[in-house]
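Q: My questions all concern the structure below.
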C-alpha cells in the first residue's frame, strides 16, 4: 500500500456564505494540490468536502495520514459515525444527521483506505494546515471570480 499524507481545510466567509475547501496530498516526492468552492455553504460542509475529495482522488487503496483542523470532521469520523450508521443516520436524539449527504460520501471514501486521522489546531502555524487553508481561500476566490464573469 502506498503511504500518503493529506492536509485538508475548509473556509467560509460568513457561515453560511461563500466557502472553499483545500487539500494537499503528499506521496513520496510527489505533491498534488486540490481546491474548490461553493457560493452558499457552511464551514463544516467545506471541511468535509476537503477530506472527501482528497480521499476520492486516490486511485488505489492507500495507507493515509489525514490531518484536519476540524473537530467536527475528526469527531464525526472517529466517534459519531458508527452510531449514526447503526441508527439509520440519526443522532442520539433521533434527529437526522446534518450534512448526511457528505457524511455518507466520506463513509464510502474511507472504506478503501487505512486512515490515521490527526487533528491539529487551526491557524497555529502548522505548515501543511496553513497551505490547505490558503488553498481553501483560493477556492473561494476563484469561485467568486467565475461568478463575476458569468453575471
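Glycine too: its Cβ is placed from the backbone N, Cα and C atoms.
Feature table excerpt (Swiss-Prot):
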- 9, 47, 69: Mg(2+) 1 binding site (BINDING)
- 9, 133: Mg(2+) 2 binding site (BINDING)
- 1-141: domain 'RNase H type-1' (DOMAIN)
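I would like each feature placed in context: is it buried or exposed, what are its neighbours, and how far apart are things?
A: Counting only same-chain residues six or more apart in sequence, the Cβ atoms lying under 8 angstroms from the Cβ of residue 69 (Mg(2+) 1 binding site) belong to 9, 119, 120, 121, 122, 123, 126, 129, 133.
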Q: Which residues, same chain and not among 9, 47, 69, have a CB within 8 angstroms of the centroid of the CB atoms at the recorded Mg(2+) 1 site?
A: 8, 10, 11, 46, 50, 68, 70, 73, 122, 129, 132, 133, 136
Q: According to DSSP, does residue 9 (Mg(2+) 1 binding site) fall in a helix, a strand, or coil?
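A: It is in a strand.
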Q: Let me check the 10 A CB neighbour count of residue 9 (Mg(2+) 1 binding site). How many other CB atoms are there?
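A: I count 33 other Cβ atoms within 10 Å of it.
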Q: Out of 47, 133, which of the binding-site residues has the smallest number of neighbouring Cβ atoms within 10 Å?
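A: Counting other Cβ atoms within 10 Å of each of the binding-site residues 47, 133 gives the minimum at 133.
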Q: Check the domain 'RNase H type-1' (1-141) for me and report the mean pLDDT.
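A: Computed over the domain 'RNase H type-1' (1-141), the mean pLDDT is 97 on the 0 to 100 scale.
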